[in-house]
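This report concerns only the one structure given below.
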Amino acid sequence: MYQPPEASCWTGRVDSVSDERAFRLHQRIRLLDLSGPLTPLEQAAAFIGFVCDEGVRRNQGRQGAKEAPAAVKAALARLPWHLPSGASIYDAGDIVCADGRLEQSQAELGKAIARLLQSGVAPVVIGGGHETAYGHYLGVRAALGPNARLGIINIDAHFDLRPYDNGPTSGTMFRQILDEDKQVGYCCLGIQRLGNTAALFADAERYGCEYILEEQLTAGAIEAAYERIEQFASRHDSVILTICMDAISAAAAPGVSAPSPFGLSPSLARALIRRIVSHPKTISVDLCEVNPLVDEGGKTVALAAAFCMEALLHFRRLQPRR
């Protein structure tokens, strides 16, 4: 079910009403109702929420991620505006999963994302459980057509390649995608040995998944990771980034479905996000698995908002054309 955007969630401190250098995001955000016609836009990105944690429930995780789109948007509203002149940021509303209808909601999310991309708008999808990524994929594939080579980069502690014999969950979507679409490549950054069974590592090898373990992603090895990202992107026509917040150490991101005692530092994750999003082939981003109900002092929500803003600041398509 589609819910149009509401101005009421975009409020915050006002340091000036005339000096744009003092503006915050809530003073620059625009509302974009997807239930009406869309006109082509340039230098534009849009947040769209996926109010859903049905996949988390089916995966026996801690529910609460459906509260994240509203919480993350509220945190984003308070952040200062540093985007280039000419950039426009929109709130495109939310797709709400009602009565457990996960598959229908993922299809609706896909249609919304396809419309944004076809109008020249870069989607920044705020989940929701990581089942969000399947709807994200559906929209990108619809916009690109069936023959484009699509690379998916997943910053995550888990492969999310579980079998889906009993239906999709928040842990099955990349297996679904790879089974359905032979034009997709899959690369995972931050995989944890203790977060995946040996069977899942074997499945990752069988599906041709590229990955870098969390313990290999250190500040001293970041250039090697960048090179792997460049090589992966070079083999695809377009790239999408999906961020699962459980890839981050629980000390910095406790409010997730499956917190980890290990994990990436926020600064290292930020470096990866900047590198991936600034690549000219990257067309969209999603961020998932924030659970405000179990967060500590709002730190996970705040970090998620910061990651979303980093994506906006480094999107190539939001920069002025030269």
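FYI, residue positions are counted from 1 along the chain as it appears here.
Cβ atoms are placed via backbone N, Cα and C, with glycine included.
Because the structure is a prediction, the values reported are computed rather than measured.
Under the heading Mn(2+) 1 binding site, Swiss-Prot lists His130, Asp156, Asp160, Cys244, citing sequence analysis as support. With a 10 A radius on its CB, Cys244 (Mn(2+) 1 binding site) counts 28 other CB atoms from all the protein chains. DSSP classifies Cys244 (Mn(2+) 1 binding site) as strand under the three-state reduction.
Residues annotated as Mn(2+) 2 binding site in Swiss-Prot, with sequence analysis given as evidence: Asp156, His158, Cys244, Asp246. For Asp156 (Mn(2+) 1 binding site), other Cβ atoms within 10 Å of its Cβ number 28.
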Where Asp160 (Mn(2+) 1 binding site) sits in the secondary structure, as DSSP reduces it to three classes: coil
Rounded Cα-Cα span from Asp156 (Mn(2+) 1 binding site) to Asp246 (Mn(2+) 2 binding site), Å: 7
